[in-house]
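Some notes on the structure that comes next.
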Amino acid sequence: MKKAEGTIISAISGYYDVEIDNKVVRTRARGVFRDRKQKPLVGDRVVVQLDDQGMNYLIEILPRINEIGRPAVANVSRVLLVISAVEPDFSLELLDRYLTFFAWKNVGVVIYLSKSDITSSERLKDIQTELEYYQRIGYPVFEDAEKLENELPKMIDKDQIWTLAGQSGAGKSTLLNQLESEAKQVTGAISTALNRGKHTTRQVTLFKYGSGFIADTPGFSAIDLFKIKVDDLRNYFYDLKEASANCKFRGCQHIKEPGCEVKKLVEEGKIARSRYESYLKIRQEISDNRMPEYLKK
């Protein structure tokens, strides 16, 4: 029997739709996965045993890079992080929490500022100034949906999987629907084969976008940072990590240690004070195993 590698793009009631060479193949999982306590996830790269009679089986799950979200998506390369300018209000602290979480998961982030068109020009200018810092430390930032839609297909490499994240009400579903509508005009075959409805279930599917995929889910808004080791947190603030190479002590936690390059650059305005304050606040919460204030509301 022929074997082929592909990507799971949908999982419903024990059936797995796998994209192999731009075609969708419906499969079942062998019992061996249950015996190994392995569960195939949307996004998994898998080996499929193909049968001329249509009885196709998953026989191997290839090693995962990561898994994120609820329900989980495997092998996510990048996240499109939707941050609202207003309703809900823009929050640097929340932005830093998301960036920390995805750095921990080893996932790249592209920031999209939504609702900029209903924000006062004065407030928007302040937000744009704050986001310029994030661009300087390596995060792409978009605030124009049309420009994002033009650039996004070029940014998604072959077989990469992207998903969306952001707080509730930020506009993730609206953006996702726009992207999916555009994608269906280009690759209608796969979308039709899946026969998906609107976002009324907790199922996840992938739709083809550019050379890769976007997860068809409104994403997730809650993030859990408590599993990060407190002394490792500094490594997930990339600007702090870069500066720490010049700290006096190798294990500097950038709190009270003498000769701390991070604190020096904060005082000089070269590292955003808000970033440093986010680091200290998250570090204290992890240390105390304390729920952040924004989740108590």
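Each residue, glycine too, has its Cβ placed from N, Cα and C.
Now, the feature entries from Swiss-Prot:
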{"type": "DOMAIN", "residues": "65-223", "note": "domain 'CP-type G'"}
{"type": "BINDING", "residues": "Ser114, Lys115, Ser116, Asp117, Gly166, Gln167, Ser168, Gly169, Ala170, Gly171, Lys172, Ser173, Thr174", "note": "GTP binding site"}
{"type": "BINDING", "residues": "Cys247, Cys252, His254, Cys260", "note": "Zn(2+) binding site"}
Secondary structure at Ser114 (GTP binding site), reduced by DSSP to three states: strand
CB-centroid shell, 8 A cutoff, Zn(2+) site Cys247, Cys252, His254, Cys260, site residues removed: Ser244, Lys248, Phe249, Gln253, Ile255, Glu257, Gly259, Glu261, Val262, Lys263
Pairwise Cα distance for Ser114 (GTP binding site)/His254 (Zn(2+) binding site) [Å, integer]: 33
Cys247 (Zn(2+) binding site), number of other Cβ atoms within 10 Å: 21
Among Lys172, His254, the most crowded of the binding-site residues [Cβ within 10 Å]: Lys172
Distance [Cα-Cα, Å, rounded] between Cys252 (Zn(2+) binding site) and Thr174 (GTP binding site): 43
Residue, out of the binding-site residues Ser114, Thr174, whose Cβ gathers the largest set of other Cβ atoms within 10 Å: Ser114
Residue from Gly166, Ser168, Ala170, Lys172, Thr174 whose C-alpha is spatially nearest that of Cys260 (Zn(2+) binding site), among the binding-site residues: Gly166
Fewest other C-beta atoms within 10 angstroms, as judged across Ser116, Ser168, which are the binding-site residues: Ser168
Candidate binding-site residues Ser116, Ala170, Thr174, pick with smallest Cα gap to His254 (Zn(2+) binding site): Ala170
